[in-house]
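Chemist: This structure is in structure tokens; I'll ask about it shortly.
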Amino acid sequence: MERICLVLIVICLSIMYLPLTWLQASDWQLGLIIVLSVCTLVCWWKKKKQLALIGVAIVISGVWSVINIKGLVIQTQQVPVYFANTKPVIIKIEKVLHQGDYQTAIALLQTTEAAEQYRFYLTWLPKQPLQSGQIWRGEIKLKPFTSRLNQGGFQRQKWFYANRIVGTANVKQARLLSDQPNLRQHLLRFAQRQLKDHPSTGLLLALGFAEKYHLTQEQLKLFQQTGTAHLIAISGLHIGLVFFFGLLVGRGIQYLLPTRKITPILPLLCGGALTIFYSYLADFSIPTTRAAIGLILLLLLRFRRCHLTWWQLYLRCLALFIMFDPIILLSDSFWLSASAVFCLLVWNELLPLSVWQWRGKPLSQLGKVPYYLLGLLHIQIGLSLLFTPITLLFFHGINLQNVLINLWIVPLFSLLLIPCILLSIITFNGLGSWQWCVTIATKSLEWLMPWQTTWREFSLLESLWMRLICLCMVLIIGWYVYYQKQHLNKNSTLLAQLQPQIISFNREQLPDIKRLHYMIISVIVGLIWQLMLLGHHYYQHWQTRWSLEMLDVGQGLAVLIRQGDKGVLYDTGVSWQGGSMAELEILPYLQRQGIKLEKIILSHDDNDHSGGATKLLMHYPKAEFYTPSQVTYANRSPLPCMRGKEMQWRTLRISMLAPEQIVAQARNQHTCVLLIEDGQYQVLLTGDLDRKSELRYLSLLPKVDIVQIAHHGSKTSTSQPFLQQIDAKIALISSGLGNRWHFPHLEVLERLAMQKMQILNTGWDGQIRLRFMRNNELIITTERHQRTAWFNQLDEVGGWRNSRLKVE
């Protein structure tokens, strides 16, 4: 059975990351199904039932995964057909995601033309406050179902599909049709009235109802950077605690019953009932439902007196979740939960708490409270060792004191805050219990804040080394346990009993040799894989002389010139009230890559080019700052960018071709134009240079290999004489797909095609990277390409471009 579960998981996972073209090709799918079906029948006829069942698992899991993917893709393609006009639609609010200056929500939308409901991500423009369960009639404006795509960044389209969202839209105006809250919504609204706008309201509602929209960005960042984000997502830990509280209630009731009526069933039923009620309060969110199903499955096995090892139960649960909804494999929360449980199982298999002895006696003899505290410490050490590589993979950082933080905050939340919240909900604030919750939550946040300073972000290279170190430590522990098990004999056991050490091993409790073999081999394979990744990284670093990267910042511009771990940034993307592309995309990318900016150059002062300058200058105070205007950013007086100035940056020569003079505030015609030369290639960066300025500087422009197309591909730039003068081979465009100006204009694309230029656009291709190699080869890669997984591909783009180009 374990093999079948593994096959189900592997097949579903493999299909979930296939390109869209493969999934749409029905010929090979049908042929593969026929071949597998025939092989399965042959195996069954030959009485090889295990192989036959594996064949059945492959066919069923593969077909089911493809059906789910195609269903989402078809719905996404139908959205523009049914929702493109301005007719009112019916909107049922499923979940409110954010409330504040603006509101966002996940909702089901339906039109008169389509009986089917479509799940949308909505930006709510009307001022009316949203509540889950409400039904509205409103007018929407569709937004492009796309996302920015940078290396290692947040994949918004993947998140959409993981939540089965098939469209995004703005709600322009709406009228409330129905507001009939169910029991959960009544309890939620009652709690909101009791808590009002207290700073800890967000935390209490997140723990009680899985509603996080009251949490501020500072609070979310606090929990993430202290390694305690798992506490505010109702999942396995919370469900297990609530089940335990239900057991205690059941045991308490049994004290009132005659002895003959006391059985294990009542406490288990009470625990299960309280678990289901808590899951209902959490609106059966995906992590909550997963944990509840796993617990219910465990109870069913207990009632039927079936015995499974923890590993068998783990694999069956994973297979059950994935077959119920294969799209769950796109969810980061699923992988975090599954990985955390996997790490706990490995740790308790490798070095269980029962192995340890104090003066030759089991630790359980120290008493319940010390044993509980030691168990908590044991789990935290294991998770810190095994889960750190996974944390780095998802969050690109860790808190260096994570073990100490969880040692006090997990018991505080488990034994005080969560029981108090449940009591407040069930008793409708009996004895003023919500005020107790507010006090505990407020103190928890206050005590947690000082620990935020120990958060440490890691680059991808540092993460590789950290994972290698963690694997080495696990290998050392595994080898030591293996050594202890190998030398187990009667004499050594007798000697240990006669001369007990303060801390020792009960070797009888160690895992058997066969399992240790598997674990050690798995760790060695992981070490080899990490060493290969490190070798590949250093080889690529050595092979690349320098690189030019156009980041996907939507309708804006940010070009990174990079040598090693140093960089020059040309333009900084757009900003808006409360945020900027520098914070969302540029700074995270620089930190992931371990790049320190030595120069920041603004082409001009338009917001879509200079919006992130202040944030970047604050983060890199030693970086030289150039601009063609007198405008100051972050109280920094800029160095001038004007014609005639040249600089040597490492092995590159950077020449400033325009403007002629510094102005008070730079507009398109005052754009700082850069020419970058390495002795082999020439790159021209033109910012938002307009057509008139192009013609004025035409005689100064040399022949180049690569050009950044001005003004995001607007027809007000990139004239035919300009293109003929520079005679470039590659055109780079930075624009947001589906932008309201319809950049790049078709007229410009036709001009570029006439010049036989290879066109790359961040709106189509995501981040664009040009690597200039030691052998004078130019390698072009894009984040979105023909082999990209289906959830990141665009139907709007036909005919994918080559990702590799050799220029003589």
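Cβ atoms here come from the backbone N, Cα and C positions, even for glycine.
Taken from TrEMBL, the feature transmembrane segment covers 5-22, 28-45, 52-73, 229-250, 262-281, 287-303, 315-347, 371-395, 407-426, 464-483, 516-539. The domain 'Metallo-beta-lactamase' annotation in TrEMBL covers 555-737.
Can you tell me where each of these features sits in the structure?
Modeler: With a threshold of 8 Å between CB atoms, the same-chain residues lying at least 6 positions outside the transmembrane segment (52-73) that come near it are 3-4, 7-8, 11-12, 15-16, 20, 23, 29, 32-33, 36-37, 39-41, 43-44, 161, 164, 166, 322-323, 325-327, 790.
Beyond the ends of the transmembrane segment (229-250), by six or more residues, the same chain brings 203, 206-207, 210, 212, 215, 220, 223, 266-275, 278-279, 282, 285, 287-288, 290-292, 294-295, 333, 336-337, 340-341, 409-410, 413-414, 418-419, 422 to within a C-beta distance below 8 angstroms of the stretch.
Through the fold, the transmembrane segment (262-281) approaches residues 183-184, 187, 208-210, 234, 238-239, 242-251, 253-254, 288-289, 292, 295-296, 299, 302-303, 422, 425 of its own chain, all at least 6 residues removed from its boundaries and within a Cβ separation under 8 Å.
Counting same-chain residues at least six beyond the ends of the transmembrane segment (464-483), those with a Cβ under 8 angstroms from any Cβ of the stretch are 350-351, 385-386, 388-389, 392, 398, 458, 510-511, 513, 516-517, 519-520, 523-524, 526-527, 530-531, 533-534, 537.
Sequence-distant contacts of the transmembrane segment (516-539), counting only residues of its own chain at least 6 positions beyond either end whose CB sits under 8 Å from a CB of the stretch, comprise 346, 349-350, 460-461, 464-465, 467-468, 471-472, 474-475, 478-479, 481-482, 485.
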Chemist: Which range wins on Cβ pairs under 8 Å with the transmembrane segment (371-395): 5-22, 28-45, 287-303, 315-347, 407-426?
Modeler: 315-347
Chemist: Express the predicted model's confidence over the domain 'Metallo-beta-lactamase' (555-737) as a mean pLDDT, rounded to an integer.
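Modeler: Averaging the confidence scores along the domain 'Metallo-beta-lactamase' (555-737) gives 96.
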Chemist: Same chain, outside the transmembrane segment (287-303) by at least 6, Cβ under 8 Å from its Cβ: which residues?
Modeler: 210, 233-236, 238-240, 243, 265, 268, 271-272, 275-276, 278-279, 313, 316-317, 320-321, 333-334, 337
Chemist: For the transmembrane segment (407-426), give me same-chain residues lying six or more residues beyond its boundaries with a C-beta closer than 8 angstroms to one of its C-beta atoms, as numbers and ranges.
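Modeler: Residues 187, 191, 194, 204, 207-208, 228, 231, 237-238, 241-242, 245, 278, 281, 376-377, 380, 433-434, 436-437, 440-441, 444, 447-448.
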Chemist: Where else in the chain does the transmembrane segment (315-347) make close Cβ contacts, counting only residues six or more beyond its ends and a cut-off under 8 Å?
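Modeler: Hits for the transmembrane segment (315-347): 1-2, 4-6, 8-9, 12-13, 15-16, 61, 64-65, 68-69, 72, 158-159, 161-164, 230, 233, 235-236, 286-287, 290-291, 293-294, 297, 308, 379, 382-383, 385-387, 390, 394, 519, 791.
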